[in-house]
Amino acid sequence: MAKKPVMLMILDGFGISDKVDGNAVKAASKPNFDKYFNNYPHTHLGASGLSVGLPDGQMGNSEVGHLNIGAGRIVYQSLTKITKAIEDGDFFKNAALNKAVNNVLENDSTLHLMGLLSPGGVHSHTNHLKGLLQLAKKKNVKKVFVHAFLDGRDVPPSSAKEFIKDIEDYMNEIGLGEIATVSGRYYAMDRDNRWEREELAYNAMVLGKGEEAESAIKAVDASYHDNKTDEFVLPTVIVKEGKPVATIKDKDSVIFFNFRPDRARQITRAIAEEAFDGFKRDRLNIEFVTMTEYDASFKGVDVAFGPENITNTLGEYVSNKGLNQLRIAETEKYAHVTFFFNGGVEEPNKNEDRALISSPKVATYDLKPEMSAYEVTDELLKRLDEDKYDMVILNFANPDMVGHTGILEAAKKAVETVDECLGKIVDKVLKLDGSVFITADHGNSEQMIDYSNGKPMTAHTVNPVPFVYVSNHTEAKKLNEGVLADIAPTMLQEMGLEKPEEMTGKSLFE
C-alpha cells in the first residue's frame, strides 16, 4: 500500500505579527501560504519565553524551538538552568568550573573567560560571565581576562559598546578582570567550516596577533568607522605599551561561557582538540571547560553543565514503531532537524534517513535570499517519489538566516522563495493523500525594524508562530492554540499513534 506521509514543514524565523511596518512576512507575495492559512485549520503557537522553557519574555531560537518540537514537551533550557544555578549558589560549587579555577591557583597562571558578550540569551548571557567573575573573585584568582565575542544578531547590530561598558563597570566594581580581545561573532563563532575566519579569532586570543586597539571600546569605534557592525568586528588584540594585555598560554585555564553548542564547536576544536586540521597551530597544554556539552566526542574538554537525557522524542518513538522517516535541510539548519530535534543526540534513529543540502557560500545571505531552498525542494520531491517515508521533517532556513541580515527586501524575497517551494511540496503530499503541518520555530522576518528607534532589527522576536494543518481530510477538524511542544502529539494523532507518557505536550486537534 502506498505511503501517506505526514510532514512537518518548519519555516525557520517565520513569525506572526499584525504590524505592517518592517514586516517581511506580510509584505511578501505568498499565495500558497495565504491559501492554506485561510482555507485549512490553523492556529498560533507560543515559541518564546516560558512556552519553550526560557525565561519569561526571552525570544525563542532555532535550537530551543527544534528541541521542544522534537521532544513533545517543554524542555527547560541551559539559559534557565545556569541562571538558576547562579541564583541558588550551586554554580559556585560546580566541579568543572572549580577545576579550571584550581588549575590557575596551583600554577599561578591566568584564567581566560571567552564567549559572546551579550544579554541576547541565545548563545550566552552576560550574567553568566558575571557569575564566573564572581567565582574567580571568591576563590582569590589574581589574573582574569575576557575574550569578548561581539553579537549584533540577537541584539541590535551596533550595541556592543553598551555591553562592554556594563561588563567593564562590573569588573571595576569587584576589582578583577580585564578585556584582552574582541572579535565579531562572524569570525569567532562560525559553524560552516570557514576556518580562515576562526583562525583570525584564534590568532588574536592565542598569539596576540591581529588588529590592535588600546581598549575594547576603541576597537569597536574603529570598526564602526569602517562601517563594520558588531558581528563583523575584526579580531582585535587589546594592547598596553605595544604589548597584548594577555594571550592564552600553557598551564592557563579557559572557560567558554556560551551554552549553545553549534557556534561554539569550531573555536573549541581549534584551541582544545588534539587532532585538529582546520589550520596550522600548536596545541596548548591548558584546562578547557565548556559551559555545556558542545560535542560528546570532544576530548580534553570538561563540561560544566551536562546534557539532559531526553527520551522518547518524536523521532525515536516513530522509529521504535518500525516506521521510516526523513530529515531534510540545508547546512545552516541541518543540525536543528537532526541533533536538536532528536533531543541532543547525534546518532540517527533506526530507519531515519537524512538529506543535507549545502548552503550557498556567500558572505551574507541577503546576497542570495533563495539560499538552497530550490535544491532542498527538488531533493525532497525526488525522495517522496520513493514511496518510503511515513514521516518527513523539513526545514527552510531562509526567513531566519536572511532575516538576520536586517535587510527587509532580502527577507521579503526569502519568504517568497519559501512560499513557492511550499506550494510544490504540499501539492505533491496531497497527491499522495498525506498531510502537511506548516509551522515555525520562532519569529524573525516578521519584524525587520526596531520599533523603538526605526533601525534595522537582526534579532529573533517573541511573536507566536503559525500552525497550519493541510490534508485532504480536514473536515470538522479544528486546532487549539498551544506551544511548540504540542506539535509532536498532534502529528502522532494524525499518524494514528498514542503519544508516549514522556511527552507532556497535548494534541492541538480539538
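Yeah, the Cβs are placed from backbone N, Cα and C, and that goes for glycine too.
Worth saying up front: this structure is predicted, and the values here are computed from it rather than measured.
Take the Mn(2+) 2 site that Swiss-Prot assigns to ASP12, ASP441, HIS442: the candidate from SER51, SER62, SER471, SER507 listed for it is SER62.
Residues ASP12, GLY13, ASN61, SER62, ARG153, PRO399, MET401, GLY403, HIS442, ASN444, SER445, THR458, ALA459 surround the recorded Mn(2+) 1 site, their Cβ atoms falling within 8 Å of the Cβ centroid of ASP400, HIS404, HIS460, which are themselves excluded. Listed binding-site residues: ARG191, ARG263. The one with the lowest count of other Cβ atoms within 10 Å of its Cβ is ARG191. When the binding-site residues ASP400, HIS404, ASP441, HIS442 are ranked by how far their Cα is from the Cα of ASP154 (substrate binding site), HIS404 comes first.
Contacts of HIS404 (Mn(2+) 1 binding site) defined by a Cβ separation under 8 A and a same-chain sequence distance of 6+ are given as GLY13, ARG153, TYR365, ASN444, THR458, ALA459, in order along the sequence. The Cβ of HIS442 (Mn(2+) 2 binding site) has 28 other Cβ atoms within 10 Å, all protein chains considered.
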